[in-house]
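A.B. asks: What follows is a single structure, and I will ask about it in a moment.
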Amino acid sequence: MSNPLVLVVGKPNVGKSTLFNRIIKEKKSIVLDYPGVTRDHVYAEARWDERAFMLVDTCGIFEDPEEIIAKQQKEVVLNSIREAALVIFVVDGKNGLTSEDHHIAEFIRKAGVDVVLAANKAEGFEKYESFIKPDLYQLGFGEPIPVSAEHNRNIDELLDEVVEKLENKGISIRYVKEIEEDENTIKVAFIGKPNAGKSSLFNAITGMKKAIVSDIPGTTRDTVDQIVTIDENTFKFIDTAGMRKKSTVKYGTIEMYSIIRTIKTIEKSDVVVLLIDATEGVTQQDKKVAGLAENNGKGTIIVFNKWDLIEQEKREEFINKAKKELYFINYSPVIFTEAKNSKGIKEVIKKIVQVNESRNREISTSILNQALERHMMMTPPPIKKGKRVKLYYGVQVGVRPPVFTFYANMPKELSKSYQQSIRNMIRKYIDPFEGSPLFLKFEERKR
């Protein structure tokens, strides 16, 4: 049975993300001191007193949003409220209620969902008791719980109330033991420039509108993840913030923190799906992102989205140019999609499975060395300092990604081009290792 959803809801800048991070004991939501910081839902399992539930940090709800993105945020959050088992309604325990709070409260009442009212920033106890608390009863959600997420005050009482209300609804939230992430789960990160279509692809695969989709670059700020089982394969899909050029990202901004988290997400993933806007083509930033994935040993799939917008007669020229731009990951499969219309999605999933298998593939030492001998006969190693470099044998020493060690008499004298020829030999004569980088090490044979 899946854990019940508990939403953290409130107006912008009331401290939802700080409270969320405090409860899950991890800095997962971006916390900065101005409205609209959290754009996407951020999900994490919360545990308290041998109970577990899924905690969801939502973006702030504006009363009359003017921006398109704010309207979409509101729609996503309001739909989530209808599906939640419980809502933690966060209000300002320092400055009191506003019309926004009453607007949110009205919708929560119509949704008929249970509520725990949290008065955050209630550090000034006397002011809170005398001036703020009496007004909070107007909302009709019972006894408010004063908390300070920033200073970790009264969080235990808040969680006691959440657990009690869930169990009073007859929801079983006990857990037996610490659940380890399944080692067979394929962790997939969607990366690319802002507005390349990552969220559209994410939503199409997971079948839910959780990442906010719009034509405004930079829509996704937090990493948004979802575990999905498709054809007996379990995936953890992660939709990340778009990576901009350094010159367009100011130090200390939300975008900077999102990019740092995106890089960490890539490091934790198995397969990276690089989304490229076909109408823009391959950019310098796309190449940097692809290089980052390769250097971290991640499987890579190149997806050109919005392919329907490329004229038929220009497609062959586009493909040839793209291959030249991304020559260094020429082992990666290329897929053309229309994510908004879910076209090409099955092929993406199929390739994710295949690329993950490539990262885990092992080949026997005998097959490797037979191919190595043939290669050296056809392409002898170079002569250095009057002696020919000799490669004695090779062995695969690792997977995820595949790593091979070759032993030689003068390993430092092997040129980069000859090392690359061995890599090409493996792909051509043994296994293509589609989508996976191959790491080679050259060491001196010990006598």
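Cβ atoms here come from the backbone N, Cα and C positions, even for glycine.
Annotation source TrEMBL lists domain 'EngA-type G' at 4-170, 186-360. Per TrEMBL, the feature GTP 1 binding site maps to 10-17, 57-61, 120-123. Residues or ranges marked as GTP 2 binding site in TrEMBL: 192-199, 239-243, 305-308.
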A.B. asks: Using a 10 Å cut-off on Cβ-Cβ distances across all protein chains shown, tell me which of the binding-site residues (Asn13, Thr58, Asn195) has the largest neighbour count.
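C.D. replies: Within the set of binding-site residues, the most crowded position is Thr58.
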A.B. asks: For the C-alpha pair, I'd like the distance in angstrom between Lys16 (GTP 1 binding site) and Asn195 (GTP 2 binding site), rounded off.
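C.D. replies: So the Cα of Asn195 (GTP 2 binding site) lies 26 Å away from that of Lys16 (GTP 1 binding site).
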A.B. asks: Spatially, which candidate from the binding-site residues Asn13, Thr58, Ala122 is nearest to Gly192 (GTP 2 binding site), comparing Cα atoms?
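C.D. replies: Its closest listed neighbour, by Cα, is Thr58.
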A.B. asks: If you skip the near sequence neighbours and keep only those at least six away, which residues in the chain come within under 8 angstroms of Ala122 (GTP 1 binding site), Cβ to Cβ?
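C.D. replies: Spatial neighbours, sequence-distant, of Ala122 (GTP 1 binding site): Gly93, Lys94, Tyr128, Ile132, Pro146, Val147, Ser148, Arg153, Asn154.
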A.B. asks: Taking every residue in the domain 'EngA-type G' (186-360), what is their average pLDDT?
C.D. replies: 79
A.B. asks: What kind of secondary structure is Trp307 (GTP 2 binding site) part of, going by DSSP in three states?
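C.D. replies: It is helical.
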A.B. asks: Would you mind checking how many other C-beta atoms are within 10 angstroms of the C-beta on Gly192 (GTP 2 binding site)?
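C.D. replies: Summing over all protein chains shown, Gly192 (GTP 2 binding site) has 26 other Cβ atoms within 10 Å.
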A.B. asks: Compared by Cα position, which of the binding-site residues Gly10, Asn13, Thr58 is the closest one to Lys198 (GTP 2 binding site)?
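C.D. replies: Going through Gly10, Asn13, Thr58 one by one, the closest to Lys198 (GTP 2 binding site) is Thr58.
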A.B. asks: Which three-state DSSP class does Asn195 (GTP 2 binding site) fall into?
C.D. replies: coil
A.B. asks: Per DSSP, Lys16 (GTP 1 binding site) is which: helix, strand or coil?
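C.D. replies: The residue in question, Lys16 (GTP 1 binding site), is helix (DSSP, three-state).
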